[in-house]
Amino acid sequence: MGVGVAYARVALGGFMRCSKCGHVIDDASLDYCAECGEPLNVQADEDDERTEVSQSRYAAEDEATAVTDTEDDNPDGAEPDYEERDRPAPADSWGDWFSQAAGALFVAVTQVGGTFQGLLDDPRFRARLPGGSLTLVGVGLVGVGLVLSVAPPIPGIGLMGSGVVLLWGALAAVNEWRQVHEAPEYPGRPVPPLPPALANLPREMEHPAVGQTFALLVCAYALLMLGYGPISWVWMLAAGLLGYDQGRRYFVPPEDGLPEGEPGSASHPWVLAGVVLCSVSLLLPWTPASTWASGTRGGELPLVALTQFTLLFLACSAVKHRGLGGMHPLFLTLMSVWLMLWFFLMKNSHSPGPWVFLPGVLTLVIVVARHLIPQRTPEAKESASDLDLQG
């Protein structure tokens, strides 16, 4: 309505002042300025004033309500820890997360292994085997794999590897034959006694470790033969039978339990992780490819069978009830040194295989080093510091 329509209420006695001429109007009944005749919109001013007062009052009531709600939710006056209450606590370390993942994988493998175990332990299946022994069948399959590898188109494990497997397998078969003839574990097809020349072998050669290490060697060659066609399935089947039969005897827990002070197998998830990484790397190229040929796989490198055997031996020892504590420290040291030495002799920075092998072997070396280096307890640290002060 223009500048003259607006007015201001003064705080002295409730008088009004004209906004156009500034004249003070002391008569409240007038609706215009007596000096200049400018009309006064008193009603609009009062409505605006009431609106402003109402808004201020509602804002004050909302603030009071918020304070009351806060005091009711937190009567002690402490600040609520919303982050701790709403957000889930993170994992303590990568070790906890890896242990959970390894536990889930172990459950899945256990379920598959239960089906496999039910088939191999079926009495009807065992009754068809010589002496009810899976080891004898596994040795026979290894012999079939060695015979088939003589043919030029079928890859093999080399002359030296074939000789080692043949001699070691013959010794394992003799020990198993003697055992199933004297005290068969499962009823099966009867086997004749051994010839006198084989029955009179030294008793030291009848140690259970002969069959167990032979099964481990076959498993190592079976992993290295992956991807070589149908011959690899023969090796995998032989490794499955030998590994199950000999592993069942190897992983038998002691009757009296673990001795006092044994650390157990708390570090075995990290050992298994390192072994898996190193084993996968051996299936990858370790030399750069050329124009006419692809890169050489890790399984074709010199002495790779010994490296794979060492990896599997570490894994089996870590999973066993005593863990790495069941092995002599010298063996652990030699195996770690061999893995590192073989890696530095065969590494090639232009191929993916060594880069996958490196984190695996570093994990194994760190786990073995932490196992061999004694951990000082707080009591030992305090006593050592006291001796230092006294001396």
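Each residue's number is its place along the chain shown, starting with 1.
Cβ coordinates are placed from backbone N, Cα and C, and glycine is handled just like the others.
Taken from TrEMBL, the feature region 'Disordered' applies to 44-93.
According to TrEMBL, the feature compositional bias 'Acidic residues' maps to 61-83.
Annotation comment: TrEMBL describes 132-151 (among others) as transmembrane segment.
As annotated by TrEMBL, transmembrane segment applies to 157-174 (among others). Beyond the ends of the transmembrane segment (157-174), by six or more residues, the same chain brings 135-136, 139, 142-143, 146, 149, 194, 198, 201, 205, 210-211, 213-215, 217-218, 221, 224-225, 305 to within a C-beta distance below 8 angstroms of the stretch.
Look at TrEMBL and you will find 213-235 (among others) tagged as transmembrane segment.
As annotated by TrEMBL, transmembrane segment applies to 301-320 (among others).
Summarising the annotation, TrEMBL assigns transmembrane segment to 326-344 (among others). Within the chain, the transmembrane segment (326-344) has long-range Cβ neighbours (under 8 A, six or more residues past its boundaries) at 278, 303, 306-307, 310-311, 313-314, 317, 320, 354, 357-358, 361, 364-365, 368-369, 371-372.
The annotation transmembrane segment is assigned in TrEMBL to 356-373 (among others). Residues 263, 267, 270-271, 273-278, 280-282, 284, 298, 314, 324-325, 329, 332-333, 335-336, 339-340, 343, 347 of the same chain lie 6+ residues outside the transmembrane segment (356-373) yet bring a C-beta within less than 8 angstroms of a C-beta in it.
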